[in-house]
Amino acid sequence: MKQLLDFLPLIVFFVVYKLHDIFWATAALIVATALAVIYSWYKYRKVEKMTLVTFVLVAVFGGLTIYFHNAEFIKWKVTIIYALFAGALLIGQWVMKKPLIQSMLGKEITLPAHAWSRLNIAWALFFIFCGLLNIYVAFWLPEAVWMNFKVFGIPGLTLVFTLLSGVYIYRHMPQEEK
């Protein structure tokens with residue numbers, strides 16, 4: 001249910017874009033994301049940090065997009081979110097000396113320290129790749145291509161990378177947990 005709640009504002013963004021334009025779609029995205037945060041708080045009595053960061057960036061960059069009537073702001077939001085995620089993973093790994101992925105999943109999954117580190121770095125690199133790919137698609141290809149990429153391409157890439165991560169985790173789990 002939570003994944004659907006996170007994905008719903010993106011679907012609203014896409015549908016409104018197809019019916020109107022990117023500015024109407026951006027306004028709808030802001031409203032849909034705010035409603036998703038409110039619903040999450042009402043239903044679960046908590047909002048994930050990642051969801052809150054995403055909402056703040058949607059509100060700020062979406063607001064700038066509408067105010068200046070310039071779609072570049074909302075296009076940059078994707079890259080900035082991925083840069084923040086990658087930065088958080090790398091800071092956790094190198095400064096705090098503990099992979100953030102391990103902090104998030106370590107209660108459910110047991111892996112050797114080197115596997116956590118590699119998985120953490122792999123996700124950081126994935127986020128960097130997605131951020132750079134977004135820059136290319138957003139600023140070198142037509143807006144409609146970027147919209148399809150944002151709604152279908154990035155989630156598709158994330159799904160594939162999540163499945164590959166699952167295979168990696170399975171291969172490094174202790175035998176008794178498999």
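Cβ atoms here come from the backbone N, Cα and C positions, even for glycine.
Note on the transmembrane segment (22-42): residues 2, 5-6, 8-10, 12-14, 16, 48, 51-52, 54-55, 58-59, 62-63, 65-66, 69, 71, 74, 143, 147 of its chain, located 6 or more positions outside it, place their CB under 8 angstroms from a CB of the stretch. Swiss-Prot lists 22-42 (among others) with the feature transmembrane segment.
The transmembrane segment annotation in Swiss-Prot covers 50-70 (among others) and is backed by sequence analysis.
Swiss-Prot lists 76-96 (among others) with the feature transmembrane segment, giving sequence analysis as the kind of evidence.
Among the features that Swiss-Prot reports, transmembrane segment is placed at 121-141 (among others), with the record citing sequence analysis.
Residues or ranges marked as transmembrane segment by Swiss-Prot: 149-169 (among others).
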Stretch with greatest number of CB pairs under 8 Å, the transmembrane segment (76-96) reference, 50-70, 121-141, 149-169 candidates: 121-141
